[in-house]
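Take a look at the structure set out below.
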Amino acid sequence: MEGNESIEKMATYGLTTNFMVYLVREYHMDQVSAANILNIWTCGYCLLTVVGASVADMYLGKFLTIALASLASLLGMVTITLTAFVPQLRPPPCIPEGQKHLVQCVSNTKTQLGFLFAGLSWLAIGTGGIRPCSIPFGIDQFDPTAVEGRKNVSSFLNWYYASSTVVLLINQTLVIYIQDSISWAWGFGIPTLLMSSSIPLFLAGSKIYHHVKPKRSTFSSFTQVLVAAYKKRHLKLHNDERVCGVFLDVSSDGNLVLSKHSLTTKFSFLKKAALVVDNDLKDDGSCSNPWRLCSMQQVEEVICFMKILPIWASGGICVMAYAQEGTFVVSQALKMDRHIGPNFEMPAGSVKMMSLITLCICLPFYDRVLQPALRKITKHENGITPLQRIGIGYLFSILFMVVAGLVERQRRASALSQASEDGVAPISVFWLFPQLMLLGMVELFGIVGHIELYNKEFPEKMRSIGNSLIYLCTAGATYLSTVVASIVYSVTGKHGEPNWLDNDINAGRLDYFYFLIAALGVLNFVYFWSCARGYTYTSSARAVESIETDILV
C-alpha cells in the first residue's frame, strides 16, 4: 500500500515538478501565465481534497475512493503525456532567430489549451481523491486500542513522509534531467507508466486491507448537533461537575443506548444536544427527532473539529515560510557562485534538494533513535506529543527565516561591493545550505506534526476530512504569501528607500522581508502556544469524561 502511494507520488510529482518549464518552452506562455496556471491547479486540487475526503468518509469508503481517483489521475496523465507525443496537440516549435521565415513563436490554440486543461482537470480530481485518503487508509490498518498499534501509527507517519521525500528527490534530479536533456515525451511517459503499474498493485491487496465502512454525512451531523444544542440552550445544568446526566450514546455494536457522562465545563453547551429530556425518545427507545437529540458520538466529533480548528489556523504562517524555498531562495542562488569544481555549475533550482536530503537523513534517525530515547524520558508513547512536535517545528521555521535573512544580508553586501557584471556575488551557494537544513527540520516537526495530530485526534470516519485540512492550509498559505508579498511590494520603495522585493535582488532588501516573516512567525507561535495550553487530547478526554456505567436501556 505504501509502495503504491510512493509510485503514485513519483508519477504525479514527476509530471508537475518541471511543468512550468514545459508551459513556457512548448506552449510559448509567458512566466506569469504559466505561474498562474500552476497556482490555480495547485489551489484547485487542494480544495478538491475536501470533496474527495467527504466522498470517502460518507459514501464510497477510502479504498474505493483511492481506486477511482487513481484512474482519474491516470487519465489526466495520459492526456498530458499525449501533448508531448502528438505534435498537433501543442504549438509548433519556435524557429531560431537568424532564419528568414518565422522569427516569432506561434501562439497556442484554444483546442490545444482545452486538451491540456482537460488533462490538468482530471489530474486535479485524482489528486484531490488520493491525497486526503492515503494516510488515513494506512492508519486504518493498525489497532488504535493497543499501545503497540499507536506506536506503529507514529512510525508509519514518519516513514510515509520519508518515502515521499525520496520520491521528491528523485523527481528533482532524474525525472527533470530526462525532461530537459532527453525529451518531454519520455519525461512524462515514464511517470505515466509508473502510475499505470501502481493501480493493479494497490488493487491486488484489496482482500487483505482493513476497510472502515463509510457512515452518515458529517456535515449534516454537525448541523444537527448545533441545532439541537441551540434548542436546548436554556436547560439548566448543575454546577457540580460530578453530577452525571443521561445522554444518548452509541454502543460498541452501533446500537443507540443511554449512558452517563460527566458534565465538564468545556463545550457543555454542545453536550446539551445529547442530553435526554421529555419526548426525545420514542416508545422503542429510538430518537424521535435527530434535530433535537443527537448522540454523544456526534457531539464529540463536533468538539474534536472545534478544538483542532485554532491549531490548524496556526499552520498558515509556517507553510508560508516554507513556501519561500521555491521562490526567493532560488532567486538568491541565481546571484551566488554555484560552481562545484571548474567544470560544473549547480542549477539554481537544485539547491532545494538540501532540505529533502536533511529530511531523508533525519526522519529515520528521529524514528529509530531519538523517539525511543524520548519515550524513556517522557514516558509518552511517542516521545513527545503532537502539539509539542508542531511547536518545535514552528520554532525551526522562525529560525529558518532569521538565518535566511542574515545570509541574504551577507550575500547582498558582497554583491554590492564585489559583484561581477551580471550581479553574481563572489559568495558560494553553499551558504544557503544551513537555512535549507533548518527547513528540513520544519517539515520533520511542524508539517509531520500536523499530520500526526489530525490522524490521531479525528475519529475513524473523519480522518480523510482531517487530512484535507492540510491541503486547505497549503492553499490558504499560498494566497497569504501572495498577499503579504503584494503588500510589501506596494508599501516599500518610497521616499528614496529601496523596494524590499525589487526585481533586482541586489537592489532590494530581501533580508528585511525574511525578518518580517520571522516576526509574523513569533506572533503565530504565541497564538499557537495559547491555543495548545488549553488543548485536551481526545483520548485523554474520553478517559476522563466518559464514565462507563450501567446501560439504562
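Heads up, the Cβ atoms here are built off N, Cα and C, so glycines get one too.
What TrEMBL says about this one:
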type: TRANSMEM; residues: 38-60; note: transmembrane segment
type: TRANSMEM; residues: 66-86; note: transmembrane segment
type: TRANSMEM; residues: 159-178; note: transmembrane segment
type: TRANSMEM; residues: 184-206; note: transmembrane segment
type: TRANSMEM; residues: 302-324; note: transmembrane segment
type: TRANSMEM; residues: 344-366; note: transmembrane segment
type: TRANSMEM; residues: 387-407; note: transmembrane segment
type: TRANSMEM; residues: 427-448; note: transmembrane segment
type: TRANSMEM; residues: 469-492; note: transmembrane segment
type: TRANSMEM; residues: 512-532; note: transmembrane segment
Quiz item: Counting Cβ pairs under 8 Å that are 6 or more apart in sequence, does the total for the transmembrane segment (387-407) and the transmembrane segment (344-366) reach three or more?
Solution: no
Self-check item: Stretch of maximal Cβ-Cβ contact with the transmembrane segment (469-492) [cut-off: under 8 Å; candidates 38-60, 159-178, 184-206, 344-366, 427-448]
Solution: 38-60
Exercise. For the transmembrane segment (66-86), find every same-chain residue at least 6 residues outside the stretch whose CB is under 8 Å from a CB in it, and list them.
Key: 8, 11-12, 15, 22, 26, 52, 56, 60, 112, 115-116, 118-130, 133-134, 137, 183-185, 187-189, 191-192, 195-196, 198-199, 202-203
Quiz item: Which residues of the same chain, at least 6 past either end of the transmembrane segment (159-178), have a Cβ under 8 Å from a Cβ in it?
Solution: 2, 5-6, 9-10, 13-14, 17-18, 135, 138, 186-187, 190-191, 349-350, 352-353, 356-357, 359-360, 363-364, 367, 443, 447-448, 451
Self-check item: For the transmembrane segment (344-366), sequence-distant contacts whose Cβ falls under 8 Å of one of its Cβ atoms, 6 or more beyond its ends
Solution: 158-159, 161-162, 165-166, 168-169, 172-173, 325-326, 329-330, 333-334, 338, 429, 432-433, 436-437, 439-441, 443-444, 448
Quiz prompt | Long-range Cβ neighbours of the transmembrane segment (302-324) (under 8 Å; 6 or more residues past either end) | solution = 221-222, 225-226, 267, 270, 387, 390, 393-394, 397-398, 400-401, 404, 439, 442-443, 446-447, 450, 453-454, 457-459, 462, 466, 469-470, 473-474, 476-478, 480-481, 484, 514, 517-518, 520-521, 524, 527-528, 531-532, 535-536, 538
